[in-house]
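Working notes for the structure below.
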Amino acid sequence: MDTLALEAKATGQEKKSSAPRPRPKPPKKAKRIVYFEVEIVDAKTKEKLLLLDKVEPTSTILDIKALFHKSNPQWYPARQSLRLDPKGKCLKDEDVLQTLPVGTTASFYFSDLGAQIAWGTVFLSECYGPLLIYLMFYFRLPFIYPPKYDFSSSKHWVVHLACMCHSFHYVKRILETLFIHRISHGTMPLRNIFKNCSYYWCFAAWMAYYINHPLYTPPYYGQQQVKTALIIFLFCQVGNFSINITLRNLKCPGSKVKKIPHPTKNPFTWIFALVSCPNYTYELGSWMGFTVMTQCLPVAFFTIVGFVLMTVWARGKHRNYRKEFRDYPPLRSPILPFIL
């Protein structure tokens, strides 16, 4: 019996050993990368400027600009504009090559944007100028008014208050530019700094000349008018600052992801329920308060021109919000609730 059992056991082991083993799975073949051929053409002359071979499909427009810059050092990335059509929209730096409506051979049309300058530099130049120019008129430096008024001081307290408010406004803007604003656009054409600075600097000189003039007369309704205007001015300055803080908190450093701004616990932000760009609303309110405070025609004219410009900017941003977000609040207006 033992012999039969051993033979049966041995036979079973031979069957097990002779059973076919499962074949190992063949290794997965690596996906084949389809490289792109990128041609960069001058948008005006249609001249071929560069042909890039074996460009990875995950490359961004910024990567292509960097490769173009290596061959053409005079055109750094910020100076380049690349389009799919000579008259089309500029492609964004973060656009990925394989997501664009192009084949494996892509043609981009190049335009030179000209010399560029950082947005932050422009903002600071816009603010430092009016701040210093206004103080020159306030202290009545020589060659501004008749010589007998050189370095004299106005007898009207509203003139001193106006100087403090004007200086406070631009110091606030400088500090916000340095520490609060997260500027999504890196640069702008260099020529814009002359246009922007001319606007702010010339208006500051025009306003300051009349407000600090020795023959300046105080507002018609006296202290009551000035105090009311001061309250409006300070209220709107705090509101503008609150909105800028809220907008800053929407973006992470270096991120270009856009979000819908909403009211927070801060009461000054509750206007977001009705307005897309309340920073412009508060800015307008500040200059309206300054106009009432000084009762000066150049200030009123500056406020009107600023209102027109801010309305154009607000409408553009409002339009972009509605395009990008399907669930954008329908009750919001660009700059003035229920009006504009």
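In case you wondered, yes, glycine gets a Cβ from its N, Cα and C as well.
Sequence annotations record features per position, and here TrEMBL assigns domain 'TECR-like N-terminal' to 36-112.
Positions annotated as domain '3-oxo-5-alpha-steroid 4-dehydrogenase C-terminal' by TrEMBL: 187-340.
Among the features that TrEMBL reports, region 'Disordered' is placed at 1-29.
Per TrEMBL, the feature transmembrane segment maps to 117-139 (among others).
Residues or ranges marked as transmembrane segment by TrEMBL: 198-216 (among others).
Sequence annotations record features per position, and here TrEMBL assigns transmembrane segment to 228-247 (among others). For the transmembrane segment (228-247), same-chain residues at least 6 beyond its ends with a Cβ under 8 Å from one of its own Cβ atoms are 161, 165, 168-169, 172, 176, 180-181, 219, 261, 264, 266, 268-269, 271-272, 278-279, 281-286, 288-293.
Annotation source TrEMBL lists transmembrane segment at 268-285 (among others). Beyond the ends of the transmembrane segment (268-285), by six or more residues, the same chain brings 232, 235-240, 242-244, 246-247, 261-262, 303, 306-307, 310-311, 313-314, 317-318, 321, 329, 331-338 to within a C-beta distance below 8 angstroms of the stretch.
As annotated by TrEMBL, transmembrane segment applies to 297-316 (among others). Long-range contacts of the transmembrane segment (297-316) within the same chain: residues 203, 206-207, 209-211, 276-277, 280, 283-284, 287-288, 290-291, 334-335, 340, each at least 6 residues beyond the stretch ends and with a Cβ under 8 Å from a Cβ of the stretch.
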